[in-house]
Amino acid sequence: MIDNDKTHFDAIVIGTGFAGIYMLHKLRNELGLKVRAFDKASGVGGTWYWNKYPGARADTESFVYRYSFDKETSEGWDWRNRYVDQPEMLGYLQAVVDRHGLAKDIQLKTGIDSAVFDEIHHIWTLTTSTGELFTARYLVNAVGVLSKIVIPQIPGRDKFQGQIVHTGAWPADLSLEGKRVGVIGTGSTGVQFICAASKLARHLTVFQRSAQFCVPAGSRQVSEAYVAEYKNNFEQIWDGIRNSRIACGFEESGVSAMSVSEEERQKVFEHHWEIGNGFRFMFGTFSDIAVDPAANQAASDFIRAKIRQIVKDPETARKLCPTDLYAKRPVCTNDYYETYNLPNVSLVSLPENPIKELTANGVLTEDGVEHKLDLLVFATGFETVEGSYNQMEIRGRGGETLQHHWKDAPSSYLGVATAGFPNMFMVLGPNSAFSNLPPSIESQVEWIGELIGWAEGESTPVIETTREAEEAWTATCKEIAAYTLFPKVKSWIFGENIDGRSSRVLFYFGGLAGYRAKLREVADADYEGFILHSDPSSMVA
């Protein structure tokens, strides 16, 4: 006999990273609902649980890569470095869980295989990887933007006698000491791993798929005075973050690059190069790096000049210089280009010399050279946004799967709901704000909580968005993206890191402040674009 007290909930949350932890707290502790959160991992942390690779750390500053809702934990947490590393990040998130007593309502080592909406009883039925069944009135997906790893298909994988790993599924006991290591990928993760691995491996071979614009991170230990200043100005700092575009805690420039002299531009670029941070360099130098070709060219030329200045071997420097626009997600780490001056580091440019196959001993490139390896690391990223959902079978009205609903491209209304899937919400769903993630997560969690709280007060069992609202939001996001330079470069932020997949808009590029204003506008209009009703058989408008 099923014990409904243990298997039925007001809400179920999938995921226990930044989004899932706060969502559980919001629904349980603030709204008083009966909630259970599930995670396939054996600990909380989401992407920060899985990404244990050497060098793993945030590339947004520590004081803003955290919650603002939990001032007490932040004030009691004296971080050591400008950028929090993976172990410290897990410690912080666990401290939040402990402070708010959330552990008793988190079920770990339990993935969700399916979620099906029952139109008669208007509840979600979930099947877990452990064979259990649970039901809930509300389903909140907090599964993350970057969860499902991507490993490119390379001939000969079954021949390789060494070890193959992905940075997003790093074994805790894996050491690089004394090993010949190869790495494919030079994105945000790749540059961090390369710099760390160069200090540990006997030899490191970097297989570069595309050259990367990388600025220094300015990583360093922070002083007690630095931490104290943040704590003393907590509210003011967070007010500025919420009312900014990128939400990274620095002053975003309002000056056009071409409105100043060449001498002044170089001074500004040099100043921000010395301070460090990728988002700061793109958005703190000038206001139009991401939208104006001339401004973008100026920034690109500056970084390319730095590469040629830093890298001693001219041929290596040539390979490291990007030839496209500076319009991918900004990347930063300390000493990236300096790493290629080390005697134990070599670079292979895959556009010029592709991988032919893996052999028993390593990687064979088209020039006939066999690069002998003990370990091959894929820093090749994730299936952005939709990958997390593709790992589950989610069925809404009429039995339609989410995969079918998103067959052309993932879409949503405001990044939080999709038509035909009543009482299902998403944190960081498709076309959420392109910004520092924790402030964006908080904005959505708080808004979803307000919507559910409002519906509970109205005794309304069903909340769903309309197709018209979803289509209009998708069109808005496409229009804003087209105004920027980002779509002009092949990148994971448009899902183009998946073989055979065409470009699709996955983010709202209008800034966090603009996004929050839209959320407030919709709420103030009695949640315009949503239908709240008691008839579960009602058709979506």
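Here the Cβ of each residue, glycine as well, is placed from N, Cα and C on the backbone.
Per Swiss-Prot, the features are as follows:
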BINDING   ASP39, THR47, TRP48, TYR49, TRP50, ASP59, THR60, TYR65, ILE112  FAD binding site
BINDING   ARG57, ALA58, ASP59, THR186, GLY187, SER188, THR189, GLY190, VAL191, GLN192, ARG209, SER210, TRP492  NADP(+) binding site
SITE      ARG329  site 'Transition state stabilizer'
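Shown on the structure are the features that Swiss-Prot records.
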{"residue": "ASP39", "record": "FAD binding site", "DSSP (3 states)": "coil"}
{"residue": "TRP48", "record": "FAD binding site", "DSSP (3 states)": "helix"}
{"residue": "ARG57", "record": "NADP(+) binding site", "DSSP (3 states)": "strand"}
{"residue": "GLY187", "record": "NADP(+) binding site", "DSSP (3 states)": "coil"}
{"residue": "ARG329", "record": "site 'Transition state stabilizer'", "DSSP (3 states)": "coil"}
{"residue": "TRP492", "record": "NADP(+) binding site", "DSSP (3 states)": "helix"}
Among ILE112, VAL191, the most crowded of the binding-site residues [Cβ within 10 Å] | VAL191
Which three-state DSSP class does ARG209 (NADP(+) binding site) fall into?
-> coil
Same-chain residues at least 6 positions away from THR189 (NADP(+) binding site) with a Cβ under 8 Å from its Cβ, in sequence order, are ASN51, TYR53, ALA56, THR167, GLY168, ALA379, GLY381
Is ILE112 (FAD binding site) helix, strand or coil when read with DSSP?
-> strand
Of the binding-site residues listed here (ASP39, THR60, ILE112), which is spatially closest to GLY187 (NADP(+) binding site) when Cα positions are compared?
-> THR60
Select one residue from ARG57, ARG209, ARG329: among these recorded positions, choose the one with the most other Cβ atoms within 10 Å of its Cβ.
-> ARG57
When you measure from the Cβ of TRP492 (NADP(+) binding site), how many other Cβ atoms are you left with inside 10 Å?
-> 22
When distances run from the Cα of ILE112 (FAD binding site) to each of the recorded positions ARG57, ASP59, VAL191, ARG329, TRP492, the nearest one = TRP492
Whole-number Å value for how far ARG57 (NADP(+) binding site) lies from TRP50 (FAD binding site) (Cα to Cα) = 12
At its widest, how many Å does the recorded FAD site span between Cα atoms of ASP39, THR47, TRP48, TYR49, TRP50, ASP59, THR60, TYR65, ILE112?
-> 30
If you count Cβ atoms within 10 Å of the Cβ of ASP39 (FAD binding site), leaving out that atom itself, what do you get?
-> 26
Other C-beta atoms within 10 angstroms of the C-beta of TRP50 (FAD binding site) total 23
Sort the recorded positions ASP39, TRP48, ARG329 by C-alpha distance from ARG209 (NADP(+) binding site) and give me just the closest.
-> ARG329
Of TRP48, ASP59, THR60, TRP492, i.e. the binding-site residues, those within 10 Å of ARG329 (site 'Transition state stabilizer') when Cα atoms are compared | TRP492
Give the sequence-ordered list of residues that share a chain with ASP59 (NADP(+) binding site), lie 6 or more positions from it, and have CB atoms under 8 Å from its CB.
-> TYR83, SER188, GLN192, ALA217, ASN277, GLY278, PHE279, VAL331, CYS332, THR333
